[in-house]
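Attaching a single structure in structure tokens format; questions to follow.
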Amino acid sequence: MMQRRSPPKHRHDGTSPLPLGMDWSPPPRKWNGRDTVWPHDPRTGWSYCVTIPSWIVLPKSRNSDPVVFYRVQVSVQSPEGITTMRGVLRRFNDFLKLLTDLKRTFPRKGFPSAPPKGLLRMKSRAVLEERRCSLEEWITKLLSDIELARSVVVASFLELEAAARSACQDVDQNASDSNNDRSSTSSSPMVHPSLSLFHAGGSTLTSDYGSDTAYETSEVGSPSVGQDDISEIGTEDLTLDEDLTLTNPIEKLVNFSMSNIDEGLSMSETILEQLEDFPKHKVRSRYVNNILGKDVYNGNASKGVFLANNGSRLLSEPEPSTHSVMHDRNDSAERFALHTGQTSTSGLLISSRDSHLDLRQGPGVSLGTGLVCNPERQGSAQIVLPLELRNKLNRILLATNERLVNAKTDMEDLIARLNQEIAVKDYLNKKVNDLEGELETTKQRSKENLEQAIMSERERFNQMQWDMEELRQKSYEMEMKLKSREDGSSHAEPTVQSTISEKHVLSKELDARKQQLEDLSRRYEELEAKSKADMKVLVKEVKSLRRSHVELEKELTHSLTDKTNAEKLLQEERKLLENTVAARKKLLSDCRILHDRLKEYNLNLSMDGNGNFVDDSTTISDVLRLLSISDDQIEEAQLLSGFDENAAAEDIDKTLSMDTETRIMEDELRKILANIFVENAKLRKQVNSAMLRALQKDVKTTEDVNEENSDEKDEASRETLKR
């Protein structure tokens, strides 16, 4: 027993069981006939898409009501980028039957809900157009599942085999037109007589989704074909669109014979059974694209004809007990794969140069025509590739990998955005829950207030009723007294007069009570109307309170943010003031230090009456030493003042947020003080240098005097010696 295969994960991976190995693709946004650009690379393989562009109303018979049919357009794109279209008419019930069959075939899958059926007695254009759009959206969601898009039920519903045949015929016509010059040098093509025309024999087959009159036996025995894919409609009343009408008789014959998968299977099996008498050791090269292998999913049989890029044709003949499943996966008509299962008979490859080679049962055979057969699985699959197309295949694989990487990055971005949206949604849900809770509390409070008001009004109403009952009882008693007094005939005239007066008083009292009762009833009505008005006012107030509550919350949050900002600004201002005070204190201390240091630079020198310096110290050398020390201290003070200026500049940079005027004043003060100290130091250095020059001059004069005295002494001694 064979193991069940896992569901496919990628499109165009070479495992599609559909004709030509095609896979579903989203429809293009803009249609341009044969040169339509699809939203994927066409070199990956055959692709098909499904759209529902229009609908048509046709009568079921001459005297019956019209029936709405939806035109299902199946577009097929070849690896060369050529687009072909084929239309199929389906009723709304056919779509529902498709969903039922898919649920029966895939019981564990989840399916998108079909559009509601409803009643379309009044077939307005708006309703029909809305249903057409919903059907197109629904079938797009359905086919986005790769496993459903490759299923037999969908292929039968869309008649993919007939669409594949028409696409292959269109591609072959273009290939034959472009290769006329090349094919003129080759030998004349030979076709087996059984491939010239298709003749249907035996019983006719009908599609579950198509018309009941797809094949009707004519008087001469050949199948007469009704209108294409119109279920439950007479052939004499239906006329399809102009783009569905085929002008070529052979195309009509092929489409009529292959209008659905079951009929295509029986026809292909009949034709391939006739091919058993055809010689298998030698075949002329020719494209035979009007016959395609039909896959049988229950494992009965599968035979086919596959064509290569250079005009070679590969025929496979499996054993009667074992059948192979073959699919054509052309990558720009340059590669194809042959999938076989437990085959024991070797295939036959015939090139377009009339070279004849046999493929044996080995794992692979190298061919002299430039084709290499590389086995991927022993005895189960073979891949035939031209040598010159390996580089192109590598480029295609690299491009595919780049697209996969880009798709992965896009998916990660989408996941990140989705996570952000989920977080925002959670936050909004929390906010909504909080608001709902507040709303519930407000509702409860208003409800309690209303109940209290109603209870108080009820109590007042009950009290009023009790008062009315008491008044009625009193009036009844008074009437009884009056009657008893009127009935008493034994009373005297004064008593009669008194009773008349009492009766008059009682009648007045009764009128007063009645007036009071009317007033109370009127007051009750007014209170009831007032209570209703109060209830309306309370409802309005509750609504206004809800709105004001939301606004107050917003104002509260805004005020809290303003408060935090103000506190931050206040803290910064306090820090700036502290820094300012510290900087000023430091400035004063630095000024004191500089002033004290400059005071120490005074020399204890004095001058005599002739203007010469008199040194208090013992020797002139001490004076010179003091002057040098004074110069060094002045230079050190200048460096210290420069350092203080730099430190002050740094403090100013730190307090950027201070007032502009205060900062400018402090900068000017620092500069003025620094200039004063610098000028003072310069003057003190000049004084020291003058004093130094004066001292040096005095020293030189004393030395000259001593030398003159010594010279005079020497001359005197010489003169004495001469004498």
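Each residue, glycine too, has its Cβ placed from N, Cα and C.
Swiss-Prot feature annotations, pasted as is:
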- 401-474: coiled coil (COILED)
- 503-555: coiled coil (COILED)
- 1-12: compositional bias 'Basic residues' (COMPBIAS)
- 172-193: compositional bias 'Low complexity' (COMPBIAS)
- 209-225: compositional bias 'Polar residues' (COMPBIAS)
- 704-714: compositional bias 'Acidic residues' (COMPBIAS)
- 48-165: domain 'PX' (DOMAIN)
- 1-26: region 'Disordered' (REGION)
- 169-193: region 'Disordered' (REGION)
- 209-230: region 'Disordered' (REGION)
- 698-723: region 'Disordered' (REGION)
Per DSSP, what is the helix/strand/coil residue tally across the domain 'PX' (48-165)?
50 helix, 32 strand, 36 coil
With helix taken as DSSP H, G or I, strand as E or B and everything else coil, how many residues of the compositional bias 'Acidic residues' (704-714) land in each class?
11 helix, 0 strand, 0 coil
Can you check how the pLDDT averages out over the domain 'PX' (48-165)?
87
